[in-house]
Amino acid sequence: MTESLVLSPAPAKPKRVKASRRSASHPTYSEMIAAAIRAEKSRGGSSRQSIQKYIKSHYKVGHNADLQIKLSIRRLLAAGVLKQTKGVGASGSFRLAKSDKAKRSPGKKKKAVRRSTSPKKAARPRKARSPAKKPKATARKARKKSRASPKKAKKPKTVKAKSRKASKAKKVKRSKPRAKSGARKSPKKK
């Protein structure tokens, strides 16, 4: 009886081995997509349809190739291997993203430049324009600070608080001149 129990799992193991013997007659879809984009060399990128045509004409793929291509395009977009030039999702046009070395070196330079310029811009408006004309200076400050705030990481809280006060002050000051300007305009038209 114990022998019959041992024999039943033995035939199940070879079935698993048979399932792993499958071999594809083509490279991976991601490799085929990259080859299709390289071969097309279009300025605006390659569309999904043109990629599908290229793959079907150059490789032996199954009947579900369109679905596999669409899914692998999405994966490549998420991984950053492809860059989408037009459209949304798997539709549109695609290019191969530039190599990591090319991306990293300009990225570091840009960050360094941003850090050096943002404190200078923030320091100048506070010192130079605060003693100047009050109503115009507050409007200019609020605009410039709101532009500079996304670049800064350390001081956005103080900038936001001041810009809110300035925007409230703007509304009060603007409402009075608008009423006057409206009264002035109506006699001119008549």
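Every residue gets a Cβ built from N, Cα and C, even glycine.
Per Swiss-Prot, compositional bias 'Basic residues' is recorded for 13-24, 104-190. Under the heading domain 'H15', Swiss-Prot lists 25-98. Residues or ranges marked as phosphoserine by Swiss-Prot: Ser23, Ser30, Ser146, Ser167. Annotation comment: Swiss-Prot describes 1-29, 87-190 as region 'Disordered'.
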Note = Neighbouring CB atoms within 10 angstroms of the CB of Ser30 (phosphoserine), all protein chains considered, total 16
Query = So what's the average pLDDT for the domain 'H15' (25-98)?
reply = 83
